[in-house]
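**Student:** Submitted below is the structure of interest, expressed as structure tokens.
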Amino acid sequence: MTALETSIEVFGWLTVIITVSLSLPQLFKLLKEKKTQKVNFYSFWIFHIGILMWTIFGVLSDSSQPFKLRNIVIADGISLILNGVMTYLLYHYYDFSSYKNKRTFLSNSQNQEMYIKTSNHTGKKVWAFLGVLATWVIGIVFIVIYFTNSAFRISSNAATIFAIIAPALTTFSFAPQLYTSIKTKNWKGVSPMMFVLFELNNLCWIAFWVLSIVKYGGNLDLIGGLIWQTVSLILYAYQLTMTIKYNYTAASKQPVYA
């Protein structure tokens with residue numbers, strides 16, 4: 001095994017370990033607090049679907065090197081399960097009874113606000129469970145096919161569509177959460193350690209993509225992965241910075257009264 005192949009193997013397994021760990025800080029936070037802070041559920045669903053797309057991307061790439069992206073299949077396959085548990089627990093521990101939908105209506109030439117309590121708490125949790133279960137079934141089916149039929153692949157160029165969609169979903173998944181945090185100046189919904197792991201994950205993946213391009217050439221699926229991983233590095237760096245700024249730096253500047 002050459003130095004290049006060894007490096008690819010090392011970073012490949014590092015990506016597996018870190019990718020699997022991505023959901024753990026938020027999962028531990030939920031299990032410890034047994035309460036979901038104000039979060040944007042769309043962010044977590046987009047991220048979860050992104051993990052599923054990554055799994056399919058790894059399964060289908062590529063016909064010339066059937067097991068080139070084995071680390072993606074293993075990492076995102078396991079992550080799909082863990083993140084699914086975490087996604088459901090967000091609903092399980094969320095206090096929907098205190099959630100209110102604001103409606104504005106015109107009465108006597110004045111704008112008035114009406115608040116309607118959400119009553120279908122159980123329905124939301126059931127749909128969350130079914131949604132997670134559906135992604136598990138789809139992911140498991142593709143993974144089984146991957147390891148049992150090495151001919152079930154598509155070309156590197158054809159896999160480019162997954163190389164664009166999957167990273168885009170995971171890269172911009174927390175854009176709704178980012179918008180919510182910027183708007184409310186509340187950065188407590190997501191564990192800071194989760195963003196730290198995202199950054200370590202991005203760095204390892206960037207190294208993996210670069211080394212893979214050196215070995216396999218400028219395949220579009222590899223280049224697409226590298227570009228999106230770089231964008232992800234920048235985006236999550238900003239969110240990590242703001243989370244630390246508002247939760248730790250700002251807190252340390254609070255005056256202490258005797």
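The backbone N, Cα and C atoms fix where each Cβ goes, and this holds for glycine too.
Note that TrEMBL annotation is computational and uncurated.
Feature annotation from TrEMBL assigns transmembrane segment to 6-27, 39-60, 72-94, 126-148, 154-175, 195-214, 220-238.
Could you give the neighbours, burial and distances for every feature on this list?
**Tutor:** Here the transmembrane segment (6-27) has Cβ contacts under 8 Å with residues 70-72, 74-76, 78-79, 82-83, 85-86, 89, 190-191, 193-194, 197-198, 200-201, 204-205, 207-208, 211-212, 215 of the same chain, all six or more residues outside its ends.
For the transmembrane segment (72-94), same-chain residues at least 6 beyond its ends with a Cβ under 8 Å from one of its own Cβ atoms are 15-16, 19-20, 22-24, 26-27, 30-31, 33-36, 39, 41, 44-45, 47-48, 51-52, 54-55, 57-59, 124-125, 128-129, 132-133, 135-136, 139-140, 143, 146.
Residues of the same chain lying 6 or more positions beyond the ends of the transmembrane segment (126-148) and with a Cβ under 8 Å from any Cβ of it are 45, 48-49, 52, 55-56, 58-59, 73, 77, 80-81, 84-85, 87-88, 90-91.
Panel annotation: around the transmembrane segment (154-175), residues 43-44, 46-47, 49-51, 53-54, 56-57, 60-64, 190, 219-225, 227-229, 231-232, 235-236, 239 of the same chain, lying at least six beyond its termini, place a Cβ under 8 Å from a Cβ of the stretch.
Within the chain carrying the transmembrane segment (195-214), a Cβ under 8 angstroms from the stretch's Cβ atoms is held by residues 4, 7-8, 11-12, 14-15, 18-19, 21-22, 24-25, 68, 71, 222-223, 225-226, 229-230, 232-233, 236-237, 239-240, 243, all 6 or more beyond its ends.
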